[in-house]
Amino acid sequence: MTMLWLAVLLTCGAPAALLPTSGVGCPARCDPSSCSPAPTNCQSGETALRCGCCSVCAAAENERCGEGPEDPLCASGLRCVRNGGVTRCQCPSNQPVCGSDGKTYSSLCRLQAESKAVQGRGVAAIIPIQRGDCQQGQKDPDSPRYKYNFIADVVEKIAPAVVHIELFRILPFFKREVPAASGSGFIVSEDGLILTNAHVVTNKHRLKVERSDGSTYDAQIIDVDEKADIALIKIKAKGKLPVLLLGRSEELRPGEFVVAIGSPFSLQNTVTTGIVSTAQRGGKELGLRNSDMDYIQTDAIINYGNSGGPLVNLDGEVVGINTLKVTAGISFAIPSDKIRKFMAESHNRQSTGQGTKKKKYLGIRMMSLSQGKLKELKEQVKDFPENTSGAYIVEVLPDTPAEEAGLKEGDIIISISGKTVTSSSEVSEAIKKEGTLQMVIRRGNEDIPISVTPKEIEF
């Protein structure tokens with residue numbers, strides 16, 4: 001018995017102690033004839049006396065329970081606990097719980113007691129459906145959900161500074177605006193400077209920016225670096241805006257967690273996560289011969305419309321701009337070190353008042369088919385054509401010469417004006433130098449001739 005009491009004390013702690021359910025003072029034999037009449041309408045149900053002989057109404061929560069042979073036991077689910085010299089029935093859990101009747105109960109035991117009572121009146125049983133208050137739920141800082149949901153912590157921190165960008169064009173015949181495309185961006189200054197991809201804002205008449213709180217603004221293009229695919233736009237807002245700061249992409253490690261956030265298909269703050277495959281995927285590996293930039297490769301999904309959104313580390317710092325999805329599990333981001341350089345150069349350009357530039361624009365995003373990239377694509381894409389070279393079209397932007405000519409995502413440009421294409425840089429040069437381009441593209445196992453004329457636009 002001494003060991004039993006010691007175990008009880010160690011389990012429950014002082015000064016409270018669980019009482020034994022049987023023991024000293026009980027008769028050797030039960031004599032039912034000595035029991036009082038069986039109880040009826042017990043709100044907490046029936047139970048036997050501590051000696052297990054006569055039936056009595058069970059003690060409800062906070063009611064006194066027995067130390068002696070003639071004292072009642074607690075109702076099912078309750079424990080008889082001595083605390084400060086008084087023994088009462090207590091619920092093992094004192095956390096509130098929400099019932100199926102929409103009411104909040106102080107404990108699960110209280111809900112169960114009420115359920116028994118209403119069932120006795122022919123009403124449906126009340127079941128627990130949620131921990132905590134019906135209106136607020138339960139917030140437990142020590143639960144795994146709060147302790148280990150680091151991705152949610154990052155998203156909560158950065159989401160207010162991520163914006164949705166909607167792009168409009170004018171229909172010449174009807175003389176009215178229609179939505180043309182959408183993308184993402186993030187605020188980098190309290191007075192409204194926003195970073196995004198250059199291809200997001202190219203060839204559009206008007207930009208509308210929507211913040212996570214639903215407020216909308218017209219935006220103005222401030223600066224564009226087409227080669228780096230970075231653009232700076234600006235909105236005019238009242239008051240200071242939340243901003244995101246740049247991290248150092250050079251410090252990224254393969255295997256590090258990253259979070260991509262944006263607004264694909266106009267869905268605000270869509271979040272994907274992944275790891276860094278490499279922080280230094282050279283542009284030349286992607287077939288961008290004129291590129292001196294190393295891209296961040298990640299398996300975080302970057303969908304259409306996610307372009308221009310931030311890729312952040314677990315500290316909530318921007319380590320890249322989401323820019324390119326080749327296929328599932330292979331996406332690329334412009335590193336923050338390149339963004340930092342663009343911002344400095346843009347500041348200098350604005351200070352010196354450099355004017356706008358003109359360029360030819362086709363409306364595709366592409367990459368060269370190196371041997372390594374061919375192998376990756378054949379593993380990822382079913383029925384990938386048996387090509388050894390060419391420019392692989394990753395994306396065709398809406399309302400562009402490329403779309404109007406019939407180019408599609410997944411097409412491979414294999415020749416222009418009769419000359420074999422071996423890299424995306426050759427296509428870029430042809431766009432700059434030639435007028436109408438006579439292309440042959442491979443779609444599946446079919447070679448298709450397509451004629452497309454680039455459009456000249458201002459930046």
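Note: Cβ is positioned from N, Cα and C throughout, glycine not excepted.
Checking the candidates C51, C53, C54 against Swiss-Prot, the cysteine paired with C35 through a disulfide bond is C54. Here the candidates are C65, C98, and Swiss-Prot names C65 as the disulfide partner of C80. Looking up C89 in Swiss-Prot gives a disulphide bond whose other cysteine, out of C74, C91, C98, is C74. Of the cysteines C91, C98, only one is given by Swiss-Prot as the disulfide partner of C109: C91. Of the cysteines listed (C26, C30, C57), Swiss-Prot assigns C57 as the disulfide partner of C42.
Among the candidates C53, C98, C134, the disulfide partner that Swiss-Prot records for C30 is C53. This prediction places the mean pLDDT of the domain 'IGFBP N-terminal' (22-92) at 76. Among the recorded positions C35, C54, C109, C134, F257, no residue is found with its Cα located within 10 Å of the Cα of C74 (disulfide bond). In this structure the C-alpha atoms belonging to F257 (site 'Involved in trimer stabilization') and C53 (disulfide bond) are separated by 64 Å. In the three-state DSSP classification, F257 (site 'Involved in trimer stabilization') falls within a strand. Comparing Y148 (site 'Involved in trimer stabilization') with C98 (disulfide bond), their Cα atoms are 25 Å apart once rounded.
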